[in-house]
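**Q** Here's the feature list from TrEMBL:
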type	residues	note
DOMAIN	B:18-73	domain 'NLE'
REPEAT	B:106-147	repeat 'WD'
REPEAT	B:148-189	repeat 'WD'
REPEAT	B:191-229	repeat 'WD'
REPEAT	B:238-278	repeat 'WD'
REPEAT	B:358-390	repeat 'WD'
REPEAT	B:400-441	repeat 'WD'
REPEAT	B:442-475	repeat 'WD'
Amino acid sequence: MPQGDYIELHRKRSGYRLDHFDRKRKKEAREVHKRSKTAQNALGIKGKMFAKKRYAEKALMKKTLAMHEESSSRRKVDDEVHDGAIPSYLLDRENTTRAKILSNTIKQKRKEKAGKWDVPLPKVRPVAEDEMFKVIRTGKRKTKQWKRMITKVTFVGQGFTRKPPKYERFIRPSGLRFTKAHVTHPELKCTFNLEMIGVKKNPNGPMYTSLGVVTRGTIIEVNVSELGLVTPAGKVVWGKYAQVTNNPENDGCINAVLLV
Amino acid sequence: MEAEMEVKNKNNVMCLLSDPEGNPLGAPMYLPQDAGPKELQITVNQLLTNEEKLPYAFYISDQELLVQLGEYLQKNKVSVEKVLPIVYQPQSVFRIRPVNRCSATISGHTEAVLSVAFSPDGQQLASGSGDTTVRLWDLNTQTPMFNCTGHKNWVLSIAWSPDGKHLVSGSKAGELICWDPKTGKPSGNSLVGHKKWITGISWEPLHLQAPCRRFVSSSKDGDARIWDVTLRKSVICLSGHTLAITCVKWGGDGVIYTGSQDCTIKVWETTQGKLIRELKGHGHWVNSLALSTEYVLRTGAFDHTHKHYASPAEMKEAALKRYIKMKGNAPERLVSGSDDFTMFLWEPAVSKHHKTRMTGHQQIVNHVYFSPDGKWIASGSFDKSVKLWNGITGNFVAAFRGHVGPVYQISWSADSRLLLSCSKDSTLKVWDIRTKKLKQDLPGHADEVFAVDWSPDGEKVASGGRDRVLKLWMG
């Protein structure tokens, strides 16, 4: 028979000890002091675990006390003045739009961190380095191989001046430099020949972005002042992003779709 | 000879001039085809034997006549053989300049500005805000004048008495305080009686009683109370609505109209507070009410002549004259805008069924407003558009698109030629009624604009919103 059953069996047959209930009561009363002693003397990880348990108990006790203290009588009006005052015609309406905007900004920040954007071409074939660069041999015996020529289309900008030829590592051939792009508006379905302002991001890497290489999937910034777009504040929009949709080095022109 | 006769016929058109109510002015007559609006104006002035030359606008089958008669006939291919009915409508003698610049940005409120109102004579401006204060602003120096504290929660609505002597404000705590606009101090204790927040306040018209004593307030708790400022207590309680009352208007005939979330509009009489009529028809909350004589009731005895009146009796007479002139023979018209995307045009004195159902909005209609001359109805809705309707028949006239956020409130200029709308997208837009196009865009607020008001003398526009500043715009 299990241990507790013997005790029960004895209790059934002979009843409790004469001082059982007194002893029980006193032992429970001493529990509090014993507990506090162990709490004060517990060190290290033991102490931490105990403290955590104790804190949870305390919080629960406070809550039950507060619940009991709540009075049943309710006051006529809410006395507190809340923030976010709205006029009477908006009072009974649940403005879910504000919360939506907030969660949207949070989602946007997360996307920015992850580097994912809502673009027409989310994934492009990665361009390998040996495809992008051609090794140029220089030097008297043509043994030095530190120069590279970029075999893809680049955008350099108006004020571009080459580094002194002895020191330039990356050569951008002028035949592959373009200033204009054929940009299609996705909704109006018409194409404009717009000047480029710069290369925003090349999906193959930040190095290509800084070099100004334009391959398929690159985000470029174009001058849209001739489209006549206006912001609600009354300001005229003159620069917008567009994503390149073709392989410019094969076609000889840059085709892009405007990101609205 | 025949050729000559034909030539003569080609140059003349048979026309019948009639006033907006349909009464013809004289017999049908021949008018030359090169007659334009100016020549027609001279003709009408002569026929009506007006002493002053009043301006008129002419409409042929609800379309305004802007060009010469001959061109109009050619464009619309109207037959020359039938008599052409031309309706003439008198326009206001004065013309308001459209506002186009922000003359001042006055800060002072520490929370969003919830309501803005000019006094009936246009000399003072009051605004209520979420920081529980009502502020009075000096229009000459464009600076704060008085700061009236006393409310316990957001000040949701304010209303000037038609004689300009009292200002009443209602708060979210359900209390109303009456202020003296000259000193900025409360006239007494706060008036308590409502259990939930105040949604609207409307004064008794000046032509029914002068000096102004009574006003009615509506609350979310479902009843409207008539208060007396001299007795400082609630005289009558109009209970009957089952849900919140969203708006209340005191009509010119001495009845009170209340629109509620229980989809009905109730008409009450004011001596004993009995229900006269119940106007049913809407499918969802009634958001806003407007009366055809509302502008005249609001401004009382003051008009564009800036006259000062010595005694209340004089003001009462002047207000009565203006009211009768505005109303004419037609019964008072009421338009209600609702959450079910439609508006109804009622003639409550005639029948309890609606006269016209005005559909077209794609979102809830938040604010409806009759033009000061009662000819047009403008409605602002959460579908970002403002629609213009005929004020007498309720037919759709034009839609003004341009806002990129829900339109919150609208306001008319005193000559009924310009309409102002404010929206969640933080801009105000001025629309021209004659050309049915955008006249002026007024950006500048940093956040949503909650309240807008055009002063009755037409000089200034005041707007306030979530960015806590009050902006004054001038022409």
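Heads up, the Cβ atoms here are built off N, Cα and C, so glycines get one too.
Curation does not apply to TrEMBL; its annotations are automatic.
Given the structure is predicted, the values throughout are model-derived calculations rather than measurements.
Distances, neighbours, how buried they are, the whole picture for these features please.
**A** Residues 153-164, 167, 169, 171, 177, 179, 181, 183-184, 298-300, 302, 306, 450-457, 459-460, 462-472 of the same chain lie 6 or more positions beyond the ends of the repeat 'WD' (B:106-147) yet place their CB under 8 Å from a CB of it.
Mean per-residue pLDDT, taken over the repeat 'WD' (B:148-189), amounts to 90.
Counting only same-chain residues 6+ beyond the ends of the repeat 'WD' (B:191-229), those with a CB under 8 A from a CB of the stretch are 153, 156-163, 165-166, 168-178, 235-252, 254, 256, 258, 260, 268, 270, 273, 297, 300-301, 312-313, 315-316, 319-320, 322-323.
According to DSSP, the secondary structure content of the repeat 'WD' (B:238-278) in residues is 0 helix, 23 strand, 18 coil.
Secondary structure of the repeat 'WD' (B:400-441) per DSSP, as helix, strand and coil residue counts: 0 helix, 24 strand, 18 coil.
Outside the repeat 'WD' (B:442-475) by six or more residues, the chain places 94, 96-118, 120-122, 125, 127, 129, 137, 139, 142, 298-299, 302-304, 306, 405, 408-415, 420-430 with a CB less than 8 A from a CB of the stretch.
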**Q** Using a Cβ cut-off of under 8 Å, list the residues of the same chain at least 6 residues beyond the repeat 'WD' (B:400-441) that approach it.
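**A** Cβ under 8 Å, 6 or more out: 57, 64, 91-92, 94-96, 98-100, 295, 304, 363, 366-367, 369, 371-373, 375-376, 378-388, 447-454, 456-458, 461, 463, 465, 467, 473.
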**Q** Please indicate, using numbers and ranges, the residues of the same chain that are 6 or more beyond the repeat 'WD' (B:358-390) and have a C-beta under 8 Å from a C-beta there.
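**A** Same-chain contacts beyond the flanks: 20, 62, 89, 91-92, 284, 287-296, 326, 333, 335-339, 341-345, 396-401, 403-416, 419, 421, 423, 431, 433, 436.
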